Ligand SMILES: [Fe+2]
C-alpha cells in the first residue's frame, strides 16, 4: 500500500477527471454524429448498435465506480443484464428493449455526476481496487476501448460521411524503409509498476529473445497492392491451412473497405471513397492475410516478445521504456492516437516517436498483428475479475500490439496487449514484417 500526500492525491484526482472528460467527449462526438435511427440500428452483425455501446459504457461505470468503489445505491439495477457483454451476443443486442437515445444520454450523465462525487470523496488508498485510482483508470480505458469499437461501427455504416478530422502530419523529410537488426539478449517484458496497466500486462518478467530483423515501418498500401495485383489471394502456397480455408469461405480478394474501380483499387474511409494513399500503412486486414503477405514477401510476422523488445528495449541502459520514445506520455509529436486524424499517418510522419533501435510508428496508426497466441505472463494474477483477460487465454486469439489511430493514449502503453480472432478485419489492424537474420548479419 502506498501512502500519498494530499497534494499527490489531488493531482491524481485531476488526472482522472481530465481523462474521464476526454473519453466522454469522444463518446458524445461519436453518438451525436448520427441521428436516432443510426444510433439504434445494427450496422453490421459484428457490432452493437451505437446506443448499446454508450449505455454499456455508463453501466460498467455504474457497477465499478458508483456501486463498488463508491458503495452507493444503484442508479438502474434493472438494466444490468441487458448491458452485460457476456450475457448478450452482439448479434442479439438490437432485439433487446434498449434504452432510447434520450434515455441513454441522461443515464450516462446521471452516472457520471455520481462518479465525480465518488472521485472527490474516496480515499485513493487502502484497497487494491482504488490504489493509484486503478478502478477509475480501468473505466477510462473501458470507455476509450468502446470509442474505438464505435469508430469501427462508423466505418461499417453506409451513407454519407459524418465524421471529419484533419489529416495526420506528413513525413518531414525523405523516407527510406529499411530493416533493423535487433541483437539477441533478454529484455523486460510487461510491467509491475505502470499504475493503470491491466492484469494481462503484469508482471514484468525477463524474456530471452534471439536476434531478429524487423521492418522500420508497418507494411504500406503500396507493398500490399503488389501482393493483391500479383495474385497473392489466389496462390494457396502463401496461406496457412486455416487461412486458405477462410480466404475461400469469405471470398477475400483485398483488404476490407478496398473498392475495385476498373483496374485500380480505391478505399472507403468512413464513407469517403478515394484513391489508395500508397505510403500509408495498410489497414483492415485479418491475421490470415497478414500471415500470407509475410510468406509471399519471404518473411514472417514478429512474435509478441519481438515486437515489445523492438518497441521498448533501450540497449544503452538495458531497461525497457514505457513507450518507444521514452517514458513520457504520448503527445501529438509522438504518435497518431485518439481519433485525432481518423486514418493512419504516412510512414515517416513521426520521427520523434521512434524506439531506441529506430523502429517507427509502433504506437498509433494501426494495430499490428503478431504471430503469438494470447497467453498469461508467468506470475499472472487475474484482477479485478477473471472475465477481464483470463477467460480469453488460449489459441483462439492472436495478439495485436501498439494501438491504432482510433485508440486513446491512455490505453496505449508500450506494454498494452490487444487480442482478437484471426479472421477479424473490421478492426484498425495492419502489420509489420520480421525475419530471422542471415548468418552474415550476425558477424
Ligand atoms: Fe465493454
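Glycine too: its Cβ is placed from the backbone N, Cα and C atoms.
These figures come from a predicted structure and were not determined experimentally.
Going by what TrEMBL states, the Fe cation site holds 142, 146, and the candidate of 43, 56, 164, 205 recorded there is 56. Residue 90 (gamma-L-glutamyl-L-cysteine binding site) has a Cβ environment of 16 other Cβ atoms inside 10 Å. Sitting within 8 Å of the Cβ centre of 56, 142, 146, and not among those site residues for Fe cation, are the Cβ atoms of 53, 57, 60, 143, 145, 149. Residues belonging to the domain 'Sulfatase-modifying factor enzyme-like' (178-435) score a mean pLDDT of 97 in the model. Long-range C-beta contacts of residue 142 (Fe cation binding site), restricted to its own chain and to partners at least six residues apart, with a cutoff below 8 Å, comprise 57, 60, 61. Across the domain 'DinB-like' (19-150), DSSP helix (H, G, I), strand (E, B) and coil residues number 89 helix, 0 strand, 43 coil.
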